[in-house]
Amino acid sequence: MFEIPTSTKQHDESRQGEALLIENDPQKSNGRKLYIESYGCQMNFSDSEIVASILLDKGFETTRDYREADVIFINTCSIRENAEQRVRNRLKEFESAKAKNPGMVVGVLGCMAERLKSKFLEEEKLVDVVVGPDAYRDLPNLIEQVDEGSRAVNVLLSREETYADISPVRLNTNGVTAFISIMRGCDNMCSFCVVPFTRGRERSRDPQSIVKEAQNLFHAGYREVTLLGQNVDSYKYTAAVADGEEAGPTITFANLLELVAQVNPLLRVRFSTSHPKDITNDVLYTMAKYENICKYIHLPVQSGNSRVLQLMNRTYDRAWYMERINAIRSIIPNCGISTDVITGFCSETEEEHQETISMMDYVKYDYAYMFAYSERPGTLAAKRYADDVPEEVKKRRLTEVVDRQRRHSLERLQTYVGKTHKVLIEGFSKRSDKDYCGRNDQNAMVVFPVDERYKVGDYVNVFTDKCTSATLIGVISS
Ligand code: SAH
Ligand code: SF4
Ligand code: F3S
């Protein structure tokens, strides 16, 4: 079996923390070592690149070994209870390192920091500093406060902060694919979800800074960018103008997609996440118009039943979602589609669960991220509805959904077998350096023997003649 490189796991919140390594300018060094580990969604990994950039600027070096660090940061996720549990377990592992080096600063960043605020300091004696996702510019100052002997907290959320002017340091990069945050926060208030509380109000980043970042990446040799946001389809930016002047045009997500696609035809563009209520035909037509916008959409359904969707406050129903799928299939006939599913949401019946399965049969997703419902304190669902589906029923429904998806993933992959795919070479296969790996337009992983004529970062046509459960296998045909 071939393994999928971690860089393709764009939406997998269950990822274990990854330690980050950055190169440092020896001239600037302050002699202190930073260790940073990230959990949760791609936005968190992207934020860690901003944090690294801020601290690199202050002369920090990085290390992959937390035992030799002067500052340990853990960038956390609150999306499900087990995500938080994982972080707490990890903090325990840092205890002995701190006991050996009492000057060590331990900081909790990200969504869990925002959710628990100063309570974190009471609950976890080890922690010196708690910093929410909109307060990273304050980190050098907060570290200084800790150096002076106090513990420090900054969990202020902002309506403006997009870190637009900070060039993220690309960490653990393959040099070919990169993520660009285009917006922050979320205004949707899905009843199960903690994100609006941990990430604050939705705000869009200046399109010029996004295009510039894409251009810089292209010039540095990158060949694919993924535009990131909790709900990219509601991206909207109107340039601020002086009093009395006429407001400039409003840039929508479709406009932004076009601007980034025009950076260079050799730069592939992907994006995530789309919300079914907001994805417009304009976006679909823009995708169809540009060869370099990948034909792949992550469109979380959550449930296939309209009553459950209403309780979830998703603001679409089953018929609306199916209509959006039909629109995708007719405007972009060869589009890959993936989704997120929650099983056992409050009061979900067996029949309603079956409707999720029948929706999966209808769409035949290429890929899905599937979860048992986990009640999050403070959310609308926690306040309004009883978490009344027994744990074993949630788990059984989850197994059913996972089994169905496994079949569909394989069926979808099989439709790609026997065809030639344009693949961007992202690196060597994890299993063997005699094989390259990369993805096709629809985001399926393709593995094929190295051909000396082509290098990482090149596009090649690969004829695929077979597949495993998650990977297409083929040979370069031109
Ligand atoms: N902004 C994205 C989702 C971000 S969270 C969107 O709207 O699609 C990623 C996924 O985690 C969600 O799509 C949902 O399927 C899952 N999730 C969120 N809260 C959850 C909870 N309380 N229990 C279980 N799964 C949850
Ligand atoms: Fe959460 Fe819904 Fe916002 Fe996604 S759109 S982040 S699920 S509130
Ligand atoms: Fe987790 Fe926060 Fe992302 S809760 S999924 S890290 S926005």
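Note: Cβ is positioned from N, Cα and C throughout, glycine not excepted.
Keep in mind that TrEMBL annotations are predicted by a computer and have not been checked by a curator.
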Checking 1-23, 185-207, 415-437 against TrEMBL, the stretch recorded as region 'Disordered' is 1-23
Among binding-site residues CYS41, CYS77, CYS186, CYS190, close to ligand 2 by Cβ (under 6 Å) are CYS186, CYS190
Reported in the order helix, strand, coil, what are the DSSP residue counts of the domain 'MTTase N-terminal' (32-148)? 61 helix, 23 strand, 33 coil
Between CYS186 ([4Fe-4S] cluster 2 binding site) and CYS41 ([4Fe-4S] cluster 1 binding site), the C-alpha gap once rounded to whole angstrom: 14
Determine the Cβ neighbour count for CYS41 ([4Fe-4S] cluster 1 binding site): the number of other Cβ atoms within 10 Å of its Cβ. 24
Integer Å value for the Cα distance linking CYS193 ([4Fe-4S] cluster 2 binding site) with CYS77 ([4Fe-4S] cluster 1 binding site) is 12
At the level of the C-alpha atoms, what whole-angstrom distance separates CYS111 ([4Fe-4S] cluster 1 binding site) and CYS190 ([4Fe-4S] cluster 2 binding site)? 17
Give the sequence-ordered list of residues that share a chain with CYS190 ([4Fe-4S] cluster 2 binding site), lie 6 or more positions from it, and have CB atoms under 8 Å from its CB. GLN302, MET312, ASN313, ARG314
